[in-house]
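Novice: The structure under discussion is supplied below as structure tokens; questions concerning it will follow.
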Amino acid sequence: MKIGLDFDGIISNCGKLKSDGAKKLYDVDIPPVKFKKEIVVGEKHLTMEQYHELQKIIYGTREIGFLMEPVDGVLHFLPRLVADGHIVLVVTSRGEIELGIAKEWSIQKGLQLDFIGVGHGKSKANAANGLDFYVDDDLDKLEPLVDIVPHRFLFSWGYNAHVDVGAIAKRVASWEELYRTIQLLGGVR
Ligand SMILES: [Mg+2]
């Protein structure tokens, strides 16, 4: 199968970085699992301006950007997908500078990946054309793929637990479950 993966929230876990950054910059305590714009800004922990400034620092500076942690299980199961013969493509909203950091970090972690960076606020529909399977931690990114990618999955985190996936996607809760799901769907190519 041709498998598309979002980067932040699927491969890298930036929750702790954002949480630590918010504490350092604004002296606000926000747990990593709650760190999503809708929640943080919606519940007025940070202003939109503060959130964007924090995002810029977390994703766009090398000193902090490289401190992100891999999502549990990704370093084990992602190479197994490739070894099983699947084609894996990362489709991320990161812009150029942030994408460069993501690529370098992935190499440091031993992950050989192809990336497409579509840019912030842009649809992933064009980049996802031809994929059989796509997983994201943001339902808004999955919605435009309904008629494009047959198998769509939302990776569950505390910050998206309240979201009703409806017919847009199914949920997976871990990399192990993601790997098993792909095995059941597509077998080995
Ligand atoms: Mg994401």
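A Cβ is built for glycine as well, from the same backbone N, Cα and C atoms used for every other residue.
According to TrEMBL, the record shows the following:
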- Asp6: active site, nucleophile (ACT_SITE)
- Asp8: active site, proton donor (ACT_SITE)
Novice: In three-state terms from DSSP, label the residue listed as 'active site, proton donor' for me.
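Specialist: In the DSSP reduction, the residue listed as 'active site, proton donor' maps to strand.
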Novice: Near the Cβ of the residue listed as 'active site, nucleophile', how many other Cβ atoms are there if near means within 10 Å?
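Specialist: Counting Cβ neighbours of the residue listed as 'active site, nucleophile' within 10 Å gives 22.
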Novice: Using a 10 Å radius around its CB, how many other CB atoms surround the residue listed as 'active site, proton donor'?
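Specialist: A 10 Å sphere around the Cβ of the residue listed as 'active site, proton donor' contains 22 other Cβ atoms.
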